Amino acid sequence: MQPMVMQGCPYTLPRCHDWQAADQFHHSSSLRSTCPHPQVRAAVTSPAPPQDGAGVPCLSLKLLNGSVGASGPLEPPAMNLCWNEIKKKSHNLRARLEAFSDHSGKLQLPLQEIIDWLSQKDEELSAQLPLQGDVALVQQEKETHAAFMEEVKSRGPYIYSVLESAQAFLSQHPFEELEEPHSESKDTSPKQRIQNLSRFVWKQATVASELWEKLTARCVDQHRHIERTLEQLLEIQGAMEELSTTLSQAEGVRATWEPIGDLFIDSLPEHIQAIKLFKEEFSPMKDGVKLVNDLAHQLAISDVHLSMENSQALEQINVRWKQLQASVSERLKQLQDAHRDFGPGSQHFLSSSVQVPWERAISPNKVPYYINHQAQTTCWDHPKMTELYQTLADLNNIKFSAYRTAMKLRRVQKALRLDLVTLTTALEIFNEHDLQASEHVMDVVEVIHCLTALYERLEEERGILVNVPLCVDMSLNWLLNVFDSGRSGKMRALSFKTGIACLCGTEVKEKLQYLFSQVANSGSQCDQRHLGVLLHEAIQVPRQLGEVAAFGGSNVEPSVRSCFRFSTGKPVIEASQFLEWVNLEPQSMVWLAVLHRVTIAEQVKHQTKCSICRQCPIKGFRYRSLKQFNVDICQTCFLTGRASKGNKLHYPIMEYYTPTTSSENMRDFATTLKNKFRSKHYFSKHPQRGYLPVQSVLEADYSETPASSPMWPHADTHSRIEHFASRLAEMESQNCSFFNDSLSPDDSIDEDQYLLRHSSPITDREPAFGQQAPCSVATESKGELQKILAHLEDENRILQGELRRLKWQHEEAAEAPSLADGSTEAATDHRNEELLAEARILRQHKSRLETRMQILEDHNKQLESQLQRLRELLLQPPTESDGSGSAGSSLASSPQQSEGSHPREKGQTTPDTEAADDVGSKSQDVSLCLEDIMEKLRHAFPSVRSSDVTANTLLAS
């Protein structure tokens, strides 16, 4: 429908020239009123009304003026003619005024009717809004509005004609605006009445014209609104029908899903892929739902609200779509969780590593923990790992920390079955899992995957049955205890590879070469920072066992400096130089070499008798005294400190972890003969160690080490104990005589206070003479000379190594005062520096006393347990010891019984009884000495008693 446009009419029209001529005529008539001719004056004052709205005819006036101007005064006949004409015109003017009054009344009524009708139609048009949000109702509304527009359109010609009449009337009778309002007089002139009527008609015509334009514009706008609303409703209806069909299909597919518990584990990846494809296939529905909701929102903005039926349908579609999305997401999550928990790479198979009442659970960061339903407790350690740690406590009676640590690691190695894993196999697994980058951070799942592949490969290569879940779980537990005690669930790849390489069953040299390659650059060179990182990772292994203090503590900087002495001043070190340093068995890495010797010595039998316990053959390590002839000690007696009267451990002793050869026997014979002529003062003056010591300076660890995991609350206590032990070891290395005065040499000795040499089957054995007996060697002078020459070469090599150690000790001891001087020079106030130094010394002295008191209490407990065992052995019946060669029977037998059974030794005390008496007497002396010292310490430091009790409790736990 085309919009109806009404032509505007000028309601205030300019006056025509006839109306202006009439005004001029009135003006000239007034000027001629002074004329002496009354006829002319009457004719002038009575103008004729205008003809047909064209104004007053000017012809008669012109003739009149012309006659007057031409011939002067009119003649009487002419005057009468003019007077008659004036009367006629006056009569016509009166008629015109009456006609004008009737015409204005005829315009006012139609205009008012038009105004009322337009107002009514405008109200009817407003009543059609708002539209209903239904297609049928909107179509009905569209038809109604079309009829309404036809009605308005049909009324248009009449309205146009009335407005045109009003325009014509106003053009004939224009009006002037009132300048100032004035009170209307009772008698208004005809001109004023005409002005008022014209003004009223103009107002009515203006209102009617505005209402008409407004109505026609609203009709057009509402028509467009109805058309647009109908299109949107049709689009919404079609989209909802399509969405409903698609949702029904998707819900049908969802109904065919099987429960997760009924699915096979192998089919889980296929179901996961199917769910992902299903999700992608129905992803366009998201756009359709969004389109429908947007259209509904646009209609709401246009004040068109969906009907109840359409609203319910739209709400149902939204609900179904959300339910479908939730079900698909939940299904995918369940499948992924099932695949993670039960799939090939899951931890579900590890649940079989524990037995009832234990249960294996997983924390949010995938770290396993264990629940004891019977005791209703939880712990981080596997039950088998807890039992293993309890068995490790049995090895605490070993006096020498390197062997104690190695023995503990050997038990852990066997429990984890890592002694069966070769480094080559481990490297293959590392490469398969892309662990070449040592800076890579592994999570628990990656560690489990690597360990699982490692043990499965072990089964394939060795053809043995391995409890893979148990081994994987315990290995994971041990790795977390060593490198992630805070259970963050993350560890560096270098840490993982270091732990596996240290415990695998491979030669020490290969292990060290591999570990060095992990921190070396492309040129097989390593700087101090990376070497410090490697040593820091390696020292975590004994640290987890509580043995780090004996290996220089957690500060690896002194070890790095010691190693870089082989670099000849270069900022980097090569692999050969690193191996040369490690072959000297430095203090921080000696435990790894001892572990290797412990592993080899397990299967070795020495065809000789232990001089203390009489065990024959000696299994494991064999220790030969280089001070006395024919004195051999088994590893049990040696490591636990059992010794006879003449076999003091501060004398040189040779360790064998392989069967001895004739050349080794001859060499030891010559060394023993030489030591026979040396006094005890010589050995105390020339102390030698079985490892390369590292001067431990109390300094800040400025080497760059990886960030450690969060520690548990008791970690600070362990750090303090470690610090005290390190300082105590430093004081002992500075010729501290405290323990030498209070304890016997057998009780105070540790592995760094005697010469313990180990015989290597590679470096110390001569193959040409390995199978010859001592008697045959003695008969051949040439062979004897060669052996003596080899012995001298070995001694020369040992002496050179000792000389090198002494030089390093001297240099490192010289570095320690320089560090102290550097820190002193930094002080600005001398007096404050003295006070700080004095306070520091007092603090150190107090720490030394606390540490000594703690160690003395431990020694006292050990002595009490030894005395208790001796009493039990002495109280045993004599019949149980007859014919026995064990230590227990020897200790239980009396001197009289020994004389009766061994007449050849009459008049001599048996070595076993003499050793028992010696141990008993020394134990009593030591106990008295300890009690005296403890009493003095308690009086000197009464305030530290509670802290010592707490520390002892933690150590005992």
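Even glycines carry a Cβ here, placed using N, Cα and C.
Under the heading repeat 'Spectrin 1', Swiss-Prot lists 102-179. Look at Swiss-Prot and you will find 231-337 tagged as repeat 'Spectrin 2'. Per Swiss-Prot, the feature domain 'WW' maps to 358-383; the stated evidence is sequence analysis. The zinc finger annotation in Swiss-Prot covers 605-661 and is backed by sequence analysis. Annotation source Swiss-Prot lists Zn(2+) binding site at C610, C613, C634, C637, citing sequence analysis. If you look up Swiss-Prot, you'll see S748 marked as phosphoserine, on the strength of similarity to another entry. What Swiss-Prot records for 877-923 is region 'Disordered'. What Swiss-Prot lists as compositional bias 'Low complexity' is 877-900. Here Swiss-Prot flags T910 as phosphothreonine, drawing on similarity to another entry.
Long-range contacts of the domain 'WW' (358-383) within the same chain: residues 347, 350-351, 389, 443-445, 473-474, 476-477, 480-481, 487-489, each at least 6 residues beyond the stretch ends and with a Cβ under 8 Å from a Cβ of the stretch.
Long-range Cβ neighbours of C610 (Zn(2+) binding site) (same chain, at least 6 residues apart, Cβ-Cβ under 8 Å): C616, I618, D632, I633, C634, C637. Each residue in the repeat 'Spectrin 1' (102-179) gets a DSSP state, and the totals come to 64 helix, 2 strand, 12 coil. Most Cβ neighbours within 10 Å among the binding-site residues C613, C634, C637: this distinction goes to C634. According to DSSP, the secondary structure content of the domain 'WW' (358-383) in residues is 1 helix, 13 strand, 12 coil.
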